[in-house]
Structure formats: structure tokens, C-alpha cells
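Remarks on the structure that follows.
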Amino acid sequence: MATTLPALLFLVVLACTGAASGFYLPGVVPADFRKKDPLAVKVNQLSSIKTQLPYSYYSLPFCKPGTIVDSAENLGEVLRGDRIENSLYVFEMMEPRLCQIVCKITPSQDEAKDLKEKIKDEYRINMILDNLPLVVPIKRLDQEAPTVYQQGVHIGIKGQYSGSKEEKHFIHNHFTFLVKYHKDANTDLARIVAFEVKPYSIKHEPDGDWRGNATPLKTCDPHSRRLVVDSDSPQEVDANKEIIFTYDVNFEESPIKWASRWDTYLLMADDQIHWFSIVNSLMIVLFLSGIVAMIMLRTLYRDINKYNQLEDQEDAQEETGWKLVHGDVFRPPANADLLCVYVGTGVQFFGMLLVTLLFAILGLLSPSNRGGLMTAMLLLWVFMGLFAGYASSRLYRMLKGSEWKNVTIKTALMFPGIVFAIFFVLNALIWGEKSSGAVPFTTMFALVLLWFGISVPLVFVGSYLGFKKPAMEDPVRTNKIPRSIPEQPWYMNPVVSVLIGGMLPFGAVFIELFFILTSILLHQFYYIFGFLFLVFVILILTCAEITIVLCYFQLCGEDYQWWWRSYLTSGSSALYLFLYATFYFTKLEITKTVSGVLYFGYMLIASYAFFVLTGTIGLYACFWFTRLIYSSVKID
């Protein structure tokens, strides 16, 4: 254990300091290519930061191959809305091609309308080559700043002709691809390390009759050195107007090795902000740790000595009121079964997050494995059902409960059932929009099968094991008659103290929360799990310490109903999370009502999960604290 902790700390620091380069293992076997080997470009979903509704590439009138072949996708990819299919873009390794015609289309009225809507909503085309996503390099105004990579290329742009105020829609119908490769010095084999594109809109003109892909073009002819280098004569989208799609492809040797090819995509330009977030959160933790240390010193040394020696009973009652409720402090709370259910669910969620983050900082969740993170989290959630059942039944047994089967059923069904119901409604809305983000029936059935076929039985196994063990003994006896609770000052009102308790845990994580929301909603890469793990540890400490502090003040006021209060104190940070998500929504450019409903629906699920997680941490911290201080008191 002594050698494991320093090793883990070293990996966390390595993951943080190396966050700019993304600490990960390649995750897939590299593909070697020889000169003239075929390179098949695959197309993925059409995505937009304005609607958050993905669509299949071929839902628009793009050039289609004779047979569309869907690639095999994992569970995470399907839930993300990925739809990976073959395309007509086929290259030959290290063989540059210029002015290659893909096809010619003549959009109908409805197709032209659909294209215009997608351009208006700033949809991007996503492509994949050798498992690398297509990116558009964007140079910053500051020459020293690193190049930023935009994932996907916009379908088109809105603009106006010079001298006209009428807004037109122009399609990007010419792509200039750049494939970078790293060549082995000893062999002729090469590996692809980058896939970039520059889009253009140009109104192509055939030179003579149309002869398919062999038709020469007046606007793009490599023999006469007429190449597409700008969009001065753009291609307008209109019904029954021909659009010719073309592309260039160039190859460039790169010093970047295959194992590091994701580093440029995962480049973190804002590492100073992350470090500021960590330092800010650590200051909160140190402040709370100081308060907890003072409380522990006071209770374990001065208060306990006074109480045990009974030197001054009146002074003890005035200054150390927490000892006066020793006969009621472990009295089972109202709705104890529901509390146990939520604690078990929180343990399940905590275990899933902890193992996922450990896998990530060890580099086991490669960014090349699309959907791998979501698949891992789902599977871990299912298998953590064992710990959920164990935790809920152990607590229920200690609270003198006997209906352990009812608690087990609620633990297995309540949280997943509520989340699944919300998800089902949101999925129905996505179906109504004919989006590829809608989860198919077969995938929905697979999720239900994982839930009832694996998770529920494991919860029952854990509950059986937990209830079978002897109940934990309370350090003090509980009186038969409940003690009356004196009137509390306004600041110890349950609502006030609960709302105050949620502020600090949220304050410790909200900066990192901003980056997570930005990455998800703006379709950026997020792979800084070293920082995320540190923030997770800080969240645990903050939740535990603020709950202990407020629990101590509550007990000093002779209020022994701490069970639910401790859960809600740290759990109320979920309220601030949802309020922050509402504020963040105002910064987005989402216009569709359905997209707004989806956003708040998913944020509601995230806030609910955050409530369960932080509430469980707070309750266990307060549970440990009360057992510690009351076990140190001598009771006649």
C-alpha cells in the first residue's frame, strides 16, 4: 500500500503536467501503408453546436456510393449518435490528386431547403481516416500561439454578394485534404498521423459535355494549373441548380510518431486556468480542514475531558450541547429506507466514477476508441450494483430495518428507473426530429438487459451479503423517548444550512465544470483526466468537511436529526450545478425548442446524479464523525 499511493500520485501529476499532450495509450493496433495502398475515408454524423441534434451524413443529398455500408459501433458510439458509413472519397497512399470529381447533384426543392437549414444551423461534416477525425486547422492571430483544430468541417456558409443585402447560402463543394504520415526509416511502410482539410465553395463549370468523373472542369484543371485556392465564385444552394463536388488530396511527411498522433488534437491551451482552479479549490479545502481540525481538537480533548470528569455541569451544558443528545443521536431517521436506497446508489455512482478516472489517468481509455469512455462507465455502473446493494443493506440493518428485500428492489430500480424514464422521453423527442442521435430499439433493449440481467441481480447479491453480516453497534444507547429539540437560530434552519452547505463543494468544481460543458456542447476534445481526478478528490474532501462542520454546529444546538440533513447539505450542490447549467445555456446559441428541452433534460439527469454522489459522501463523513466523537464519551 505504501508503494501504491506514491505511484498513483506520480501518475496523477504526470497526467496533469502532461495534459497538454494527453496521457494515454494508443489503444488500437497501428495500420501500416505502402505507396499506392487504398485509403478509405468514412463519414460520420453531421453535428451542430446550435441544435445538438446529430444527423446521418446521407440524410442530405451528398454523393452516395452504390452500397452504403455501416461500420460496427460499440454501445457508447450509438449513444453518442455516431453513424459511421463508407463514402466515395478514396485516396491512394502518397499519391496526390487534384481536381478529383466526386459526383454531380441537382437538389430538389425539399433537398435545397434542408441544405439551407443545415447551413443556417452551422452543421459540420465529420469524416474519419484510419480512425483519425477530420479537423480544420485554425491559426490564431498570435503567431506564437499553437494552431487550434476544429473538429469537422462546416457544410457551408451564409453570405451576400457584393452590392446586395440579400442573404444567400453557399455550400462547401471542394475539399483540399492534407494527409500527414510518418515513414519508417528502414522500410517503405508509413503510418497516418493527421487528417486535415480546407473547405472552399466554388461554382464549377464543365469544359464540354458531362462525362462523369472524367469530365474536365474550367474552374479546376491541374494541367493548366487552375486550382481552387479561394471561394471568390461560390456555389449557391438553390433548387434545381447543379452542384459539382470535387476534392484535392496532398500528402506530407511528418516527424510526429504514430503513438503521439492525437497530441495535437488534445492540446490544452488553457492549462493555467486549470491550475488556478486547482489552487482555488485547495484553498477552500485547507480552510475547511482548519475548521475541522479545530473542532476535532476541541471535541476530543477539551469537551470530552470536561464531560467525562463532570467538573462543571452547567458549563458543559452551555458549551458542549452535543453531548446532551447522546441518547438520540443514533435514532433511526424518518424514511430510513429511502435514505438507505440513496446511499447505496451514491456508492454505486462513486465506485463507477473512481474506477473510470483511474483507468483514464492510467491511459487505458484511449481517445482513438470512440465511445469507449461511455461504454466503460455504463459497464462499471452495472457491475457496481454489487456495492450498491451491500451499502444500502448494511446501513438499513444498522437502522434496525427488517424489510431488506424492499430496500434492495428500490436500490436496483429507483435511480436507474427515473433516469431511464427521462432518457426515454428525450429519446422520443429526438426520434421526432429524425436525428441519428435517437437510440435504436435494439440498443434500448440492450440497456434494459444490462440493467435487469446484470445490475439488479448484483444488487440483490450485495444486499444479501450486507444484511447477512452482523449489524454495526452504536457507540451509545438510544433512549426510548425522543428528546425535544429546542428552537434553533435562523442560520441553523434546515433550509438555510443546507443551501449554505452546497455552495463550497460547487465552488470547488465549477471551473472544471465549465470546461467539461464546453467540450461536450461545443464538440471539442476533452482529455485532461489528471486535472479531473484532482478535482474529484477535492470534491470529496470539500463535501466531507463542510458536512462535518455543519453537523457539529447542529449537534451543539441539541438537534440530533442529522441523517437527512447531512445528506442534503452536500447534496444541495446539485442545485447550484443545475442553476449554473441554466446560466451556461444563456451563453449558447441554441435556437430550437427541442434542443433546449434536451439540454435541460440531460442537465437534470446530471444534477440528479451529482446530488446522489455528493449527498452520499456527506452522509458517510457525518456518520464517521458522530461515531468517533460519541465513542469517546463515557456514558453511565
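For all residues, glycine too, the Cβ spot is worked out from N, Cα and C.
Positions annotated as signal peptide by TrEMBL: 1-22. Annotation comment: TrEMBL describes 275-297, 339-365, 371-391, 412-432, 444-467, 490-520, 526-555, 567-585, 597-625 as transmembrane segment.
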For the transmembrane segment (526-555): best-contacting stretch of 275-297, 339-365, 371-391, 444-467, 597-625, by Cβ pairs under 8 Å:
275-297
Residue list, the transmembrane segment (597-625) vs rest of chain: Cβ under 8 Å, 6 or more residues beyond ends.
52-53, 339, 342-343, 345-347, 349-350, 353, 415, 418-419, 422-423, 425-426, 429-430, 501-502, 505, 521, 539-540, 543-548, 551-552, 562-563, 566-575, 577-578, 581-582, 585, 588, 590
What stretch, picked from 371-391, 444-467, 490-520, has the most CB pairs under 8 A with the transmembrane segment (339-365)?
371-391
Determine which residues of the chain contact the transmembrane segment (371-391) at the Cβ level, with the cut-off under 8 Å and only residues 6 or more beyond its ends counted.
27, 73-80, 82, 343-345, 347-349, 351-352, 355-356, 359-360, 365, 408, 411-412, 447, 450-451, 454-466
Pairs 6 or more apart in sequence, C-beta under 8 angstroms, 3 or more of them: is that satisfied by the transmembrane segment (275-297) and the transmembrane segment (490-520)?
yes
Cβ-Cβ under 8 Å with the transmembrane segment (444-467): same-chain residues at least 6 beyond its ends:
75, 344, 378-379, 381-383, 385-394, 396-397, 404-405, 407-408, 411-413, 416, 420, 424, 427
For the transmembrane segment (412-432), could you work out the same-chain residues 6 or more beyond its ends whose Cβ comes under 8 Å from its Cβ atoms?
53, 341-342, 345, 385, 388-389, 438-439, 444, 447-448, 451, 455-456, 459-460, 594, 597-598, 601-602, 604-605, 608-609, 612
